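Noted in Swiss-Prot for the protein shown:
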{"type": "ACT_SITE", "residues": "H23", "note": "active site"}
{"type": "ACT_SITE", "residues": "D92", "note": "active site"}
{"type": "BINDING", "residues": "H151", "note": "heme binding site"}
Amino acid sequence: MNINKPLEILGHVSWLWASSPLHRNWPVSLFAINVLPAIQANQYVLLTRDDYPVAYCSWANLSLENEIKYLNDVTSLVAEDWTSGDRKWFIDWIAPFGDNGALYKYMRKKFPDELFRAIRVDPKTHVGKVSEFHGGKIDKQLANKIFKQYHHELITEVKRKSDFNFSLTG
């Protein structure tokens with residue numbers, strides 16, 4: 001293994017974070033929480049053009065328990081949480097140079113039969129909402145059925161927790 005490869009990846013991702021209006025003012029501690037586990041678990045995509053990074057995406061495969069933990073506090077995941085289950089969550093999606101469409105197409109092709117969710121934050125209100133994404137080959141009706149099952153499992157489990165702070169209403 002080339003020892004410089006992880007450092008090179010970190011450099012590329014840090015460049016993208018610094019170039020992203022959403023990410024550039026986030027603390028370094030969030031970079032460590034969001035990026036290092038993704039690289040360690042090989043749960044990321046880094047798109048380059050002419051050897052320059054243009055887009056980055058990372059995801060965690062969470063258990064239901066860790067999904068609830070993440071929704072309650074997006075800074076709560078530790079390295080082992082990233083590979084704790086089969087419930088896929090996009091953690092970072094960064095395309096500051098107009099390559100969002102290319103990253104979207106790449107991810108749909110890379111994960112043709114997979115489902116993902118993400119917390120998307122409105123940059124003006126700083127309010128987050130859960131969004132759903134699916135691969136390019138999965139049937140939309142099947143995807144919706146599975147997402148509904150995920151929501152049912154999530155809501156059922158959240159109702160059992162007295163310390164959950166995430167709002168279940170829009």
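One-based numbering along the chain as shown.
Cβ coordinates are placed from backbone N, Cα and C, and glycine is handled just like the others.
Of the listed recorded positions, namely H23, H151, the sparsest CB environment within 10 A is found at H151. H23 (active site) sits 28 Å from H151 (heme binding site), taking the Cα positions as reference.
Sequence-distant contacts of D92 (active site), defined by Cβ-Cβ distance under 8 angstroms and a gap of at least six in the same chain, are H23, N34, V35, A38, Y56, C57, S58. In the three-state DSSP classification, D92 (active site) falls within a strand. Taken residue by residue with DSSP, the residue listed as 'heme binding site' is part of a helix.
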